[in-house]
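Right, one structure below, let's go through it.
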Amino acid sequence: MEEENYTSASEFILLGLSSQPERQDLIFGLFLVMYLVGAAGNLLIILATGSDSHLHTPMYFFLSNLSFVDFCFISSTVPKMLVNIQMQTQSISYCGCLTQIYFCILLANMDNFLLMAMAYDRYVAICHPLHYSTMMSLQICALMLGSSWLIASLHSLLHTVLMARLEFCASNVIPYFFCDLIPLLQLSCSNTQLNQLMILLVGGLIVLIPFLAILVSYTHIVSAVLKVPSTQGKQKAFSTCGSHLTVVTLFYGTIMGVYLSPSSSHSTDKDSLASVMYMVVTPMLNPFIYCLRSKDMKGATRKLFSIKALSCGL
């Protein structure tokens, strides 16, 4: 009987966004700018919400955690890509690839859970304002955050462990700029039915339940706001949800573009572009959406910069 040509891959090749050498400098510059802008924007929100006592509320507690997660999200893939371009290599070690998968799943799950928590916060604030302080107490917010980290960690660990047991054939080329779960499964020579089942069942539930919870929250919010007699009252209520709704649309829209579009419409170029939107552009834009649409965030940001300017002057 012939031996099957299975191997334990020591590294994988990330093709990136273009194989043309003359475009590498442009890609490096573009992604460096996006990374620095995204990292600075998310860190700015963390500093602004932490330094302004008026923003020590459940909504901004979750927003600062979302910014921390987005900072880690963009840092989990882009620096490795930039280093590869500078070093003129496309390789990533086997352990490095599994580490990327773990953190990408973990942080994507946390984005998902935090957006759900923020939707629940808006629901309580608009539909049950008299009970807001008890329904959104510090203990409840901490419990929501802690349970989110626990579930996200266990979910990402599950997929990483299942991936680690697989064997790989001769091909080790991943047509993206980072290690993604589905393309890596396609390279395996082992039976991946269990992996695919867990993606469908566990992964599907972890995405679907928060998404449905957000939809239910906003259904109740819209229903409550429409009962407000004054136009000014309706506008004020909706304005508190505008930033969150924009981020939710951007987050789930890019997820659908990457993972839920028909397979017949998939191509390497389209999938690469969609993954850039999901992994880089969305975390970069989130701070600007909140800063531009929220008067409180604008005020806190200006206050932070004025403090820094005074300290520099001294």
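For all residues, glycine too, the Cβ spot is worked out from N, Cα and C.
These figures come from a predicted structure and were not determined experimentally.
What TrEMBL says about this one:
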type	residues	note
DOMAIN	41-290	domain 'G-protein coupled receptors family 1 profile'
TRANSMEM	26-47	transmembrane segment
TRANSMEM	59-79	transmembrane segment
TRANSMEM	91-110	transmembrane segment
TRANSMEM	130-152	transmembrane segment
TRANSMEM	164-185	transmembrane segment
TRANSMEM	197-216	transmembrane segment
TRANSMEM	237-260	transmembrane segment
TRANSMEM	272-292	transmembrane segment
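Using a Cβ-Cβ cut-off under 8 Å and counting only residues 6 or more beyond its ends in the same chain, the transmembrane segment (272-292) has close neighbours at 17, 31, 34-35, 37-38, 41-42, 44-45, 63, 66-67, 70-71, 73-74, 77-78, 104, 175-178, 180, 243, 246-247, 250-251, 254-255, 257-258, 261, 298, 301. Spatially, the transmembrane segment (130-152) is adjacent to the transmembrane segment (59-79); three or more Cβ-Cβ distances between them are under 8 Å for residues at least 6 apart in sequence. The average pLDDT computed over the domain 'G-protein coupled receptors family 1 profile' (41-290) stands at 87. Listed as Cβ neighbours of the transmembrane segment (91-110) (distance under 8 Å, sequence separation of 6 or more from its ends, same chain) are residues 8-14, 65, 69-70, 72-73, 76-77, 80, 84, 148-149, 151-153, 155-157, 159-160, 163-164, 174, 178-181, 184, 206, 279. Within its own chain, the transmembrane segment (26-47) is flanked in space by residues 16-18, 63-64, 67-68, 70-71, 74-75, 78-79, 81-82, 85-86, 280-281, 283-284, 286-288, 290-291, 297, 301, 304, which lie at least six positions past its ends and keep a Cβ under 8 Å from the stretch.
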